[in-house]
């Protein structure tokens, strides 16, 4: 992409919607949060329309598609319903994620290698509509090869195992896996993003990795916003990332 920026921040607004849905109120508004995040330095807005609609609702997607000034990164499962919504809404980016993510925390990313035809079909349909497709995968060479073969121009490396590591040694091992995966993905010509579980305390090593394009971060920013305010929480994360990326 070039430009002066060395790394980009995608702010995930799912948990603004979680807070709203807890009481089925009209506030806090994910749309308002997204627009404020943009003014605070977010380079894109990420939202996950789940099949159970537990946080983001269809109306949020529709309104945000019309109002965002940056780009929308719509996370979704690889189902006919979701593909239909994406093709109708036409966000700039779609990130395909595991169907039941909460039950797959140990596995993390999509098994692209195990469902190559399905992934190739989804990538082709979205790509033909002018949507840039990203696949959310583990830091695994076989999955990177499969993502490349499926025709996805972008991958998002799952950083959850790194974030959740119980010891320094385990974290160092996970970090090395991610580092190698980023380098390998770049060698295949893929744009490599990363996300899941990133916080103000663990983001900088990932942001400093050569070849990382964008980090998608949500929960940590929403939590920090309780204490410092939403715009400051977004700006603070962006500052940490840019400082690390040099």
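We count from 1, first residue shown onward.
Each Cβ is built from the backbone N, Cα and C atoms, and glycine gets one as well.
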Q | Among 185, 189, 197, 246 - the residue Swiss-Prot places in the same 3-amino-2-oxopropyl phosphate site as 12, 23, 218, 219 | A | 197
Q) Using C-alpha atoms, which one of the recorded positions 48, 50, 197, 218 comes nearest to residue 75 (active site, proton acceptor)? A) 48
Q.
Applying a 10 Å Cβ distance cut-off over all chains shown, what neighbour count does residue 50 (1-deoxy-D-xylulose 5-phosphate binding site) have?
A. 20
Q | Local backbone state of residue 15 (1-deoxy-D-xylulose 5-phosphate binding site), from DSSP in three classes | A | helix
Q | Pairwise Cα distance for residue 197 (3-amino-2-oxopropyl phosphate binding site)/residue 50 (1-deoxy-D-xylulose 5-phosphate binding site) [Å, integer] | A | 18
Q) Taking Cα-Cα distance, which of the recorded positions 48, 50, 55, 156, 196 are within 10 Å of residue 218 (3-amino-2-oxopropyl phosphate binding site)? A) 196
